């Protein structure tokens, strides 16, 4: 009886797996993997949200490597033992199933095709697959289908009404980096909506912790940064990141160019909000932050960092904050800017920078520091 029961469970598992693959293929066949992104420095508007002042950064995440087969993780059944003939066949079948599911979601439809949008009934089936399946290749395919459709404003409401937000957010607990990245992309696209943001705020601390502790410059880290950037387009939830600002500066200093630019988008959103000025100036920054102002650093990175500093200077007034300056400890961004204002040329070598625009921007910024933040230093 025990043997028959095991065989029955194995057979049921194979049938369910085959049905899930077929459903994924039917739902994603011919779908276009949406790669929309808002233009950098755009209005940053959120659906139905109006608490956005100035230029905010709103990123719709994409997966630029969805055609890279080397990133895929193949689920092997427990009986596929390495070194046995039966195991070799089982592992080959598992690889074939993963390849078929992956290729199905990679097929593109024509730009004018109505087939790029799933119906509510199809979205419900995909959400059921996300909720019920434990196989990485099925989860990956289903999440890509959801991410495609979450790029459309009306589908964000439909997915929310179908209970999709907690279903997708639950996937964040997985240890599979590819599946986690796809879940973050879905949440990122869904977060371009005021009501969705209100419901997603309960996951911000988890996303923040995962982003900071993820492997540096990894796809998961970048996807997490994009989601946090979307969640800070308005001022409503920015305070939830106050305790992590020092970690964002650490990522900025240590990361590659792509990570630096993504962290800067997040910091720019925070710096636009006067209520976050004190939290930003209190943050501890690495000593290596000043070394970014050199000839080798990307010009765009330097200029965006200067915009962050300019916003802080505009929101800070010496007369109002002089009595509380002792709240800013050594190593804080406040003391970094103070050092910047006193000896920028000597410490940062700005005058030797090859780009004229960088020199001009630094000169204007130092004038702002002298006027707003540290007027008494000049006396």
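Note that Cβ sites are derived from N, Cα and C of the backbone, with glycine treated the same way.
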6-25, 26-45 - the range that TrEMBL marks as transmembrane segment: 6-25
Residue counts (helix, strand, coil, in that order) that DSSP gives for the repeat 'ARM' (163-200): 31 helix, 1 strand, 6 coil
